[in-house]
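These notes concern the structure reproduced below.
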């Protein structure tokens, strides 16, 4: 009977109706205010992505509808008279909802700030360091939010933090590979051995840096595929960064025949120097008759290309090769070809008999025909 009396209590149903109607009204008002403020700020900062109105508009747009509904319900529950235990529970719920919403706003603001700095073409911002700092800020924000909620609910966070310290050591041992990559990413961000857009070569990989993350670095290779390398493994290798190369030192060799007169050998070195000096964007260093190889007189040439562009270097080398070919033809000097001289001891060449294939005779054909079966 008591349960039926509770269900038939008019005051209870009246309070429930008041709470439901008040919740709906408050939620509608809050949604309208937040939506209008968001649209006004977005319209105001339409062409100003980095301005503070756009920043505030994006943060406001992250307001959770579920938390708005929770706020509306909590405000509506203050209208009827509630017991003291209910008031205490409502205060705790208020804190949890407010802490979650503030954490969401801060999370959105930090992510927007990090993205705006990374997308800037100038200003000297390091995308790796910006990403690491933003992630650390987010970890701190959500950790403080969680600990604050637990403390508000009466949980002893001192013992919890102490236990997390012991557990953190075990977790660190379990994920030491991941942590080594994270610290390697931090080292890349501070030391800057390479940046996004640099052309690097390490091991058998050659390509352009596309992304530097917390754990891996992504590289677009010359053949077109994307190469993913762990940061710790990448820093263990010798990395050649060609983006920061201002000049390129070139060394190449060529050989001429042994029957070339010595005066023409001197002229070859002089002509090579003249050719390189007349080629644009080059600085001649030296050209020497290097030594006597197995089948050629070897020259070594060194010059400097005053550009880091590889295609331009290949154009210059091609022009030098063509002019060198013309110069040697004018001097009647031939390039050396790999060859060996054979000296025969005796008066005449030895007679070498080569065994050929056995010739087939008509007798062999008739014998083969006799072995084949006949069908009639």
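Residue numbering: from 1, along the chain as shown.
Here the Cβ of each residue, glycine as well, is placed from N, Cα and C on the backbone.
Per TrEMBL, these features apply:
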DOMAIN    137-176  domain 'Mechanosensitive ion channel transmembrane helices 2/3'
DOMAIN    177-244  domain 'Mechanosensitive ion channel MscS'
DOMAIN    250-333  domain 'Mechanosensitive ion channel MscS C-terminal'
REGION    356-376  region 'Disordered'
TRANSMEM  12-34  transmembrane segment
TRANSMEM  55-77  transmembrane segment
TRANSMEM  89-106  transmembrane segment
TRANSMEM  127-151  transmembrane segment
TRANSMEM  157-179  transmembrane segment
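When Cβ-Cβ distances below 8 Å are used as the criterion, the transmembrane segment (127-151) is approached by residues 95-96, 99-100, 102-103, 106-107, 110-111, 113-114, 117-118, 157, 160-161, 185-186, 188-190, 196, 212-214 of the same chain, each at least six residues removed from its ends. According to DSSP, the domain 'Mechanosensitive ion channel MscS C-terminal' (250-333) comprises 37 helix, 27 strand, 20 coil.
Residue counts for the domain 'Mechanosensitive ion channel MscS' (177-244) under DSSP, helix first, then strand, then coil, are 20 helix, 25 strand, 23 coil.
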